[in-house]
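Colleague: Structure in C-alpha cells, see below.
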Amino acid sequence: MTKLSVNINKIATLRNARGGNNPNVVKVALDAERFGAQGITVHPRPDERHIRYQDVIDLAKVVTTEFNIEGYPDQRFMDLIRLVRPAQATLVPDPPQAITSSSGWDTIKHQLLLRDIVAELHESGTRVSIFINPESKYFEPAKNTGTDRVELYTEPYATAYPSNKEEAIRPYVEVALLAKELGLGLNAGHDLDLHNLKFLKESIPFLDEVSIGHALICDALYFGLENTIQMYRRQLEV
Ligand SMILES: CC(=O)[C@@H](O)[C@H](O)COP(=O)(O)O
Ligand SMILES: NCC(=O)COP(=O)(O)O
C-alpha cells in the first residue's frame, strides 16, 4: 500500500498572510487525518515563511498518523528532530533562500555528511529519507549513508508528464527498481497532483509513501479538503 502524507505547508502560508491563527494548522492536520490522510508532512524553512518551528512542536503532540518533517539538516533542524522525534525526517538539500525544493542530494559528494546525519537521527529513533533525483549514480551512495528510504524528486516527472508520460516515468521506474534491489524504502514527492499521481503509482506499485501539498491544497479550494483527500487516496488504490 502506498501511503498519502499530506503536506500542510500552504495552510501555514494562508495563516501567516493575516498574522492570526486562521486557518489553524493543528486543526487542519487533525481534520486531514480524520479525512483519510495517512501522514502529515511539514517543511519548516529557516525563514519560517509558512510552517514555523513552533508549529512542528505543536503538531508533534497531536498527530497520530506518521509525522514527516522535511528540511535541510542544519543545527536548528537537527535540534527540532531530536526534540519532537517524528516518525520520519526527510533530508532536503535546499539552501535557505530557495523558493521551493528544486533538486535532490548529490549523495556522492555529501555521502560522509549524510552518513553522520543519518546516524544521529537514528539515535532519536527517527526513520530517515533522503530527497534524491532519479539518477542511478546517486542510489548506491545513498544506501551507503545508512538511510532507510529515499524520496524521488518528482518535479521533472510532473513537468514532462503532459507531453509524454511514458518518457516522463522511464527514469523513475529505472531508479525505483534499483532502490528496491538495494533494499531502500521508496517515497516520492513534489508537484504530484490529480493528473499525474495514478500513472506514477501504476508504474511504481511498490511506492511506500507519496507526500503531496501544493496541488492538493489548491484542489481543496474547489473540492473541499475531505473530498480532495479522498480523491487523492483513490488515485493510489490501483
Ligand atoms: C521537499 C519538497 O519537495 C516539498 O516537500 C517541499 O516541502 C515544498 O516546499 P514548499 O511548500 O516551501 O514549496
Ligand atoms: N516531499 C514533497 C512534499 O511534501 C510536497 O510537495 P508539493 O506537493 O507541495 O510539491
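For all residues, glycine too, the Cβ spot is worked out from N, Cα and C.
Curation does not apply to TrEMBL; its annotations are automatic.
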Colleague: The 3-amino-2-oxopropyl phosphate site in TrEMBL includes Asn7, Arg18, Gly213, His214. Which of Asp47, Asp191 is also listed there?
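Modeller: That 3-amino-2-oxopropyl phosphate site, as TrEMBL gives it, pairs Asn7, Arg18, Gly213, His214 with Asp191.
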Colleague: Of Thr2, Thr100, Thr107, which one shares the 1-deoxy-D-xylulose 5-phosphate site with Arg45, His50 in TrEMBL?
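Modeller: Among Thr2, Thr100, Thr107, only Thr100 appears alongside Arg45, His50 as 1-deoxy-D-xylulose 5-phosphate-binding in TrEMBL.
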Colleague: Same-chain residues six or more away whose CB lies under 8 A from the CB of Asn7 (3-amino-2-oxopropyl phosphate binding site)?
Modeller: Thr41, Val42, His43, Gly189, Ser211, Ile212, Gly213, His214, Leu216
Colleague: Among Arg18, His43, Thr100, Glu151, His190, Asp191, the recorded positions in the record, which have a C-beta under 6 A from ligand 1?
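Modeller: Checked recorded positions vs ligand 1; flagged His43, Thr100, His190.
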Colleague: Near ligand 2, which of the binding-site residues His50, Thr100, Asp191 have CB less than 6 Å from any of its atoms?
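Modeller: Result: Asp191.
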Colleague: Please report the three-state DSSP label of Arg45 (1-deoxy-D-xylulose 5-phosphate binding site).
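Modeller: It is coil.
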